[in-house]
Amino acid sequence: MSISYASPSSGNLASMGTNSNSSSSNSISSMLNRQVKVIPLQHPSTSSNQQSSSSSTDASVFKKWKTKAERMTWLEWMKFFFPCIRWISTYNVSEYLQPDLMAGITVGIMLVPQAMSYAKLAGLHPIYGLYSGSIPIFIYAIFGSSRQLAIGPVALVSLLVSNVLGKIADPTDALYTQLAILLALMVGILECVMGILRLGWIIRFISHSVISGFTTSSAIIIALSQAKYFLGYSIVRSSEIIPLIESVIAGAHQFSWRPFVMGSSILAILLIMKHLGKTKKSLRFLRAGGPLTAVVLGTAFVKIFHPASISVVGDIPQGLPKFSVPKSFDHVRSLIPTALLITGVAILESVGIAKALAAKNGYELDSNQELFGLGVANICGSFFSAYPTTGSFSRSAVNHESGAKTGLAGLTMGVIMCCALLFMTPLFRDIPQCALAAIVISAVMGLVDYDEAIFLWRVDKKDFFLWTVTSVTTLFLGIEYGVLIGVGFSLAFVIHESANPHIAVLGRLPGTTVYRNSKQYPEAYTYHGIVIVRIDAPIYFANTSFIKERLQEFEINTDDGSNKRGPEVERIYFVILEMAPVTYIDSSAVQAIRDLHQEYKSRDIQIAISNPNREVLLALANSGVFDQIGKEWFFVRVHDAVQVCLQHVQSLNESPKSIDLLNEKKSNFFQRLSKHQENDGSSSTESESGNKETRIFIHPDETGDRRPDRPISLFGRQWRAGESEKNPHTEPLLPRKD
């Protein structure tokens, strides 16, 4: 739908003549005004919308949830609270049972030695690693929505636990273990609260480059912390690389070659098996069997040769964990930062790999439901002596590659862990510590992501800077400072980008009504006296000053090197704001637009706004800015705004010359018209490039078609446009045949 739009008088924009010639000026202004075909903008009804604008969004959200809740059946409610029902109700025994059992057994065998290794990394007795890999798995299988995610102890969380608890208590004290269990309860509560309130989106502000730099440095610190089991002597417990290296050098005289040779040999076997399992599909079982092979070889060597210089795990209690309530709640405040950090790691790693595996296996996954499932698993695990657990990237990958189809694979892992606790703990007594250390080192070597740094250097120097800063600060200042500084820089970049949005000057692509960034499309041309600006971000209090400064620059620096068309004028008369990318404006932005309109008005500059969305238009209407600027200066398309503004610029450019026409005889009009047609050919190209001899300027409509039947009234006569042989975009005037 379109309407004929007659632009208002431009007397407020520039002086059209002296007071003595005011009547002549008005008649010529009406002569030069023409009908422009413009798509009407649906103006908001401020009377009805103003009352409900503040609560419309919230009401719609609540109404949506209410409608959805009313339509849900009892089975859908059961699936909502217990996601395991989704795969149980559609379980295909003949197709899923065998791969689920094989995947569960494979990952379960892999988890037993890894759980003990990660518990040692956390400063705990190996039995707590087995506890953490048993009860939470069963709980997650019920409340978790991922069918391939393998949860349990992981290296990064174990390092975080060791780092914070080592500053509060000694690992040999009972308080140390109590605080680790309390930390699991706190992490579970945080994860459940974030899942219920659907706050998982908060972690999106931490960029992937920060996480990559953090995990790379953490992997190096984890590997160095396990060096004591290879070297045969104790080193300082620290999350900083300098104290670790100094401690290793200071105790070099205590070096023992036997654990070093055994640990290095087992590490080499693990890396070879992992490489073969990744590169060759027929040998995938080697990747999962690596930790078990390391434990078996190390234990067999110790039982046969009984080397005194190689330390072993020692006695491990037999039986399932007993129910107990976490203690030492007086240390909750000191554990809150670490609980938040572990929760962030859970969201970034566990939810990330869970969504990726869900996409590969063809089912949907709700990240908030997933976060809730992890939280319930940690809460229940804390009542059975488990320390914080989360999803493991490596075990989840093995679980997927082994063919896991449903959560039955996770239940099988839990059964394997329970069998190990009930029947196999006496066999774990002679596992060498260096074998467990080799398992940890082989697992974290995959976290060292230098390829990511090279990729970021090629693609985005800013992200490479974030990666470097996070990695260096984590190495030299510790994990907490590394995360805080990395997240701080990440948020600083987000704020900077938001406060300094991209603003482009648009130009018209030749032969179209499409307007694009003139820097990206050098062939696009602009018009004299008109600047078209696109703001590519929401407008709010933090970026209003920047936007106003850029608009002032565009007003002053009109010679930007782009192609110029249209009648030549000395300055800017119109500023067109393309607001299609502007999804939101706040009260500060509304006031800034109001002030900008007043400043422009004092300098005879008119603002035109193109394609604002409903929320933006409603905010401008409720604040009175809509009526202050004028309804006629709001447009659906940039091209409509340009047509109207260009008509005004044309009248401003030609009025002084047209006033002289009134003093001449009407009989000379046809002579001047013929002369103009012969010399200029009424070329729109010449007119748009600023040919001052052009008298009448008529633009095509949006399709570029000529409109020869459009009547134009001049001196009481009816005229119509005729076609020019040189350029059809702008037509000379010919007498209309009645």
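The backbone N, Cα and C atoms fix where each Cβ goes, and this holds for glycine too.
Because TrEMBL annotations are produced automatically, they should be read as predictions rather than curated entries.
Features as listed in TrEMBL:
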COMPBIAS  1-18  compositional bias 'Polar residues'
COMPBIAS  689-710  compositional bias 'Basic and acidic residues'
COMPBIAS  720-738  compositional bias 'Basic and acidic residues'
DOMAIN    520-645  domain 'STAS'
REGION    1-27  region 'Disordered'
REGION    675-738  region 'Disordered'
TRANSMEM  125-143  transmembrane segment
TRANSMEM  150-169  transmembrane segment
TRANSMEM  175-197  transmembrane segment
TRANSMEM  209-235  transmembrane segment
TRANSMEM  285-305  transmembrane segment
TRANSMEM  335-358  transmembrane segment
TRANSMEM  370-387  transmembrane segment
TRANSMEM  407-428  transmembrane segment
TRANSMEM  435-458  transmembrane segment
TRANSMEM  464-495  transmembrane segment
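Highlighted: of the candidate stretches 175-197, 285-305, 407-428, 435-458, 435-458 has the greatest count of Cβ pairs under 8 Å to the transmembrane segment (209-235).
Tertiary proximity for the transmembrane segment (370-387) is limited to same-chain residues at least six positions away from its ends with a CB under 8 Å from its CB atoms, namely 83, 119, 122, 124, 128, 131-132, 134-137, 139-140, 143-146, 149, 151, 153, 158, 161, 177, 180-185, 187-196, 200, 321-326, 346-347, 350-351, 354-355. Away from its own ends, the transmembrane segment (125-143) comes close to residues 82-84, 111-112, 114-119, 149, 151-153, 177, 180, 184, 313, 316-317, 320-321, 372-374, 376-378, 380-381, 384-389, 407-408, 410-411, 413-414, 417-418, 420-421, 425, 428, 436 of its chain (Cβ-Cβ under 8 Å, at least six residues beyond either end). Taking residue pairs at least 6 apart in sequence, the transmembrane segment (435-458) and the transmembrane segment (335-358) share fewer than three C-beta contacts under 8 angstroms. When DSSP labels each residue, the domain 'STAS' (520-645) comes out as 54 helix, 26 strand, 46 coil, counted as helix, strand and coil in that order. Taking Cβ pairs closer than 8 Å, the transmembrane segment (435-458) reaches residues 113-114, 116-118, 120-121, 126, 155-156, 209, 212-213, 215-216, 218-220, 222-223, 226, 229-230, 262-264, 266-267, 270-271, 274, 290-291, 294-295, 297-299, 313, 393-394, 464, 467-468, 471 in its own chain, all 6 or more past its ends.
Note on the transmembrane segment (407-428): residues 84, 87, 91, 96-97, 99-101, 103-105, 107-109, 111-112, 115-116, 126-127, 130-131, 133-135, 137-138, 140-141, 144, 147-152, 299, 313, 316-321, 399 of its chain, located 6 or more positions outside it, place their CB under 8 angstroms from a CB of the stretch.
Confidence for the domain 'STAS' (520-645), expressed as mean pLDDT, is 88.
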